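Annotations per TrEMBL:
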type	residues	note
TRANSMEM	31-49	transmembrane segment
TRANSMEM	56-75	transmembrane segment
TRANSMEM	81-99	transmembrane segment
TRANSMEM	147-167	transmembrane segment
TRANSMEM	179-197	transmembrane segment
DOMAIN	208-441	domain 'CN hydrolase'
TRANSMEM	458-475	transmembrane segment
Amino acid sequence: MFVDITKKNFWLLTILTTIFAATTLHYFDNNILIFFFLSPLFYIIRNLELNKKNSFLLYFNFFLYFLISTTWFSIFGIHIIVLMSLYLSLFWFLPIIVWKKIEKNIPRKLYTISLPIFLTSSEILRNSGTFAFGLETPGYFLVDTPFMYIASLIGVTGLTFLIFYINMLFSSKKNISKALYLLSFLIIAGTAINFLYSNYHDTKNQEFTILQGNFRPIFLYNENYEKLINKQYIDLFDQAKQYPNSLIVTPEVIFRTCLNKESIITPNQPSLIGSIYCKDDSYYNSIYFLNKNEKRLVYEKEHLVPFGEFNPIPKSLSFLDKFLPQLGNFKEGKNPKSFEYRDLYIGFLICFEDTLPNLIYKRLKNSKINLLVVASNDGWFKNTIEPIEHLNISRFRAIEFGIPIIRAANTGPSAFINSNGDIMEILPANKAGVLFYDFKIKRYKTLYSKISSKEEKLFILISSIILTLSFFNIFRKFL
């Protein structure tokens, strides 16, 4: 029996719930409510009679959710937010439509868990490939809750599955007690994991100084503005001299010039500097190591941001260029290697590379890297929630891979994050200055750091098996 979902008041209630959920989760500290807010939506999905009108209303519901969630993209224009919301909505809408098509053939034992598996697999696909968009994944909402520490076992991908699954349980009266038991178990497990890793000792000390210039980036090159930025950062290098034994770390591209061809600064102490590397007619978003008379390239960004750092649109569709932001024309780096400094092995990530756990998994696999440096510039997003969300993503990466992270952001917040995801020192957003810290470096192997890639493949495999067997109604032959 289907509920009459076509009633206006029923859909209105659902849409209001969606708006309330998106607003509360993004702008208030009620993160644990993510386990409940999606249950009305799952109730509708379970009882939805699939037709054109209901499919449209369902898609519109997702569109509203992501429209509210991505308001921090407003600097690029309202049309960009609309396009982004339409795109992100597809990754929830399509697996649900597929699931509804085959739900009658799904065995009762797999019914409740099958849709969360489909949705999680879709999230994995969204975070993969050239157009990967790693933000707005539900698992990130569990920051600063006991659940976040479970990421060391199953990652944000696993947490996202649990969010979908528990909401699915809450959408049915007979499964509410099961949902509550599971939540209680997860709280105990997360608290225990946090206690265990907080008492892990195997540290190496190294002093660092982060520079934060606090300049808003602009779309068009302005020579006077660039000179002002250069002067600000040169002044910050002078301030950092009070910490002569520290390694200086700067944000992404603080000098918008080919640092391998021009000499803007010669620091008196070892420094990791974000700038541009130029070779022939190609440009790379890069990090250099400078120290007195020494200058060498240590990293070229591997995963570029579509439209922001390169144009993915083929020439045959070039008329679309005027509707989309074009900020850079970089080439992607190849074969990234760790940088050895004293007894540390440092790996690098630039901008949104830290939102891609599979990229980090490949980078850390079979390597000696025991520290990650994230150089970023979130100044594009001004006073929105994006800089804090991006900081929290770095915290999850630290937990997942048991690795400390230094995050240097042009407009902040910049921070030292230990291998348990705790912020040890922070320089707030919208403030220029230097942040010194004697960082205790400790890295440990987590379960997730060993199974990250396998976990993603397992979700895709299980989804494919359920889809195939249900589509051809093969389950009935065996069950």
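Glycine is no exception: its Cβ is also placed from the backbone N, Cα and C atoms.
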Counting Cβ pairs under 8 Å that sit 6 or more residues apart, are there three or more between the transmembrane segment (179-197) and the transmembrane segment (458-475)?
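The answer is no, given that the two segments have fewer than 3 Cβ pairs within the 8 Å cut-off.
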Counting Cβ pairs closer than 8 Å, which of 31-49, 147-167, 458-475 has the most of them with the transmembrane segment (56-75)?
31-49
Quick one: mean pLDDT on the domain 'CN hydrolase' (208-441)?
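Across the residues of the domain 'CN hydrolase' (208-441) the model's pLDDT averages 90 on the 0 to 100 scale.
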